[in-house]
C-alpha cells in the first residue's frame, strides 16, 4: 500500500496488459480484483481507508478521498481505464478526468443517470422506456397534486441523489408526511422525486455488459427479493417469467445501455406489475448485487465481463451453467460475538453442503451489513433455495446453537 | 509490499478468519490468492522478488529468501498455517518451523516425499503402491547392473532432488551415457535414481485434497499430455479410462495422502501401461498443473480446496461440472515482439470463443515458459479440445497473421 506512488510489487509485466484504476474499495472492487487476477490485468485501487474490503486484496492500493480531483488524477495516471466500485464520484471530476484524456468507463454522461434519479426518469421517459409515473416535487402541495394525478396516496418520495439500499426513500400516506423527506432533501441540497407506488408482483433485474465498441452481453433476467430495502435473495432465472416479459426486460436494458452509452455492467432493476408489465425502478452502472449469482452460476461472471467491457475486450458468454442458481446475501447478525465470527460458520456450512459457494468480503460484521454472499445451483429450485437460505441464516447466527 | 512487517492494507478483519502464509510467489500462489479472496482468508506471501506472479496480486507481500530460516519465521509469525507454492524449502527449516509451533501444511514428514525421489520410491514400495522398478545408483556399473535387471537399456536416470518440468531427467541408452547425469548429481550433492523406462500408453494424474482431520476429496482422474517434459494438455476425465483403473488410481492417491499424512492437495502422476496397469511416476504436494482444469471445470477448484484443506475446513465437492473439460497451458512463443504481447491475443481468442476461460499469470513471456492456461468445457470432447488448443496456440503466436 502506498500514499501516492504505485507499489513496487505491482509493476506491469512485459506482456502487454493495460492497468485499470478502480475508484472505491468495497466488495465490488474486491470481486473485480479476483476477476482481474485471471485476466492478468493489473488493478490500481483508490480505497477510502486502509484495510477496507478491496484494499486487503489489491497490492497496488492508494488510500485517499475520491471527492478530491488531484487524488483521482494521481490514481488514474498511467492506467488505460478508470472504473468504479460505486456511483459517488462527483460528476464534475469525471468530466475533468475525461477531458484530460482518461477513459472513464462508464463515462460521466452515462453515470449521471445512475447518480441522479430525476435525470434518469426524464431521459428514460424521453426514450419511451416504461417507468412508474413520476414528478419532481418542491413542497407538500406538489406532493398532494402528484398523488391526485396517480390515484391518491400512498406515493413514494426519493431523494434524487445519494440514496441506496433503502436509504433516501419514503412511502408517504399523506401530503403532511412529506415534510421530513422534503427537509432531508433541502438539507442535502438535492431534490425530491415523487413516484407512484407500483402494485408489483415482484422485482426483477436485467443485467447487461456493454463495451465501448457497442458489443452487449445480456444475462438471464433474475428475480430479486428485497428485505428492508436491501437486496436479499436472487433467483436466476426469474421463476415462471413470461418469456415475452423476459425479452422485454432484456431489450430495455440493451436500449438503456446503448442510448446512454453505458460501458461496463448496467443493472436495470424492474418492477413486474400484477397486470403483466415491467417498469424500470433503478439503474446501476457497475457490477450489481443482483448479478453476484453469475460468478458461480454463469459461464462468465459479471466482474469478469465488467473488466472485459471497460477494456473493450470481446465479452464472455452470460449464459447460466445450471438450470437454477440462487444467491443469498450474508447480512451481519445481531447475536454479539457469535455473529462476528463468520469464519466459525464454515465448519457447519461447508460440511453440510460441499457444493455451496461462499464469498466473504473481509468486512467487520455489523448488524444488517452485507458481509458476504452464498451461491447454490442445481436442477431443483426448492432444494437450491433451501441450501442457500440455510447457509446465509447460519452465517448470520440465526440457526446456531445459541438459538436452541 | 514490505521488507518484513505486514502491510497496513492487509489487517485481519474482525470476522474470525485466520491468516495463511504462502511460501513462493509463482502462479500457484497467485491462484491460491484468487481463491482466498472468496473465502475471506487473508494471505501473507513470501515472494522471491518484487513483481513476481503472485506478488502482483497479494497486498501483504514480503520479498525474501525462502532458504533463510529467519525470513520464514518472520512471514509465518501470526499466521495460522504455512503452505507452499513449491517444494524447495529446505526440509530442516520446515522441521524447525514445525518445532516452533508453526503448522506447516504439508508438513516436512510428508513433503520430503515430494522433494526426494529416492525417499518417495522407498516409501511407496514399502506401502505396496505400484511403481516402476528402480534403484539408487552410484556409478556406471550400478547403472549397467540395474539395466540388466529390468531387461536392458534404455533406462531413466533422475536426480533424487531438485528436478522439475523435465529438468534433472535423462533417458540413457548405455552405461557410458550415464556419465553426465552422475556428474551433474555429484556436483549438486544429490543422488541418481535409476528407473525402468515404462512402456506407457499415456500419463494420468490422480489429485486429492486431504485435511489434517483426514477428510479426503478425490478429483476425477485426468489424462495429462506432456511435451518436452512439460505438462501441456489435460483432459478431464481421462477418456476411455477403464473404471477399475480409475478407481485404482484414486485409491493410490488416497492411500499415499493418508499414509504420508499429506495436507492440502496431493497430485499423483501415473503411467498407464500398455498392459493395463497404473504405476506412480511422481508426487507433488501442492496445487498442480494437472488440476488447473478444476478452477472452471469442477464444483470446487483445487486452489480453493487446497486452502480449505490446510485450514482444516470441510472440503468442497471435486466433481466435474461438465462432461468434458480440457486445459491447455499457454507457453511463451518464439515469435519475438508478437509473442510477448499476450494481451493482444485476447482480441481474437475471446471473440472466437465466448465460453473460453483464460488465466494469465502476469509473467514476462519467454519461449517455452508457462505464462498462463486456457480452459474449455462442454459435451463434445473433440470440439472442446479444438477450442482449447486453438486458443493456446494463438496466444503462443503460432497461428497469428505473421504465419500467413
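Keep in mind that glycine also has a Cβ here, set from the backbone N, Cα and C atoms.
Here TrEMBL flags B:117, B:158, B:195, B:196, B:197, B:198, B:203, B:281, B:282 as ATP binding site. Sequence annotations record features per position, and here TrEMBL assigns domain 'ATP-grasp' to B:121-311.
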Longest CA-CA distance among B:117, B:158, B:195, B:196, B:197, B:198, B:203, B:281, B:282, per record bound to ATP, angstrom: 18
Confidence summary (mean pLDDT) of the domain 'ATP-grasp' (B:121-311): 95
Which of B:195, B:203, B:282, the listed binding-site residues, has fewest other Cβ atoms within 10 Å: B:282
For residue B:197 (ATP binding site): intrachain residues, at least 6 apart, with Cβ closer than 8 Å: B:154, B:155, B:156, B:171
Surrounding CB atoms that lie within 10 Å of the CB of residue B:117 (ATP binding site), all protein chains: 26
Coarse DSSP state, helix versus strand versus coil, of residue B:282 (ATP binding site): strand
DSSP-derived class (H/G/I helix, E/B strand, else coil) of residue B:197 (ATP binding site): coil
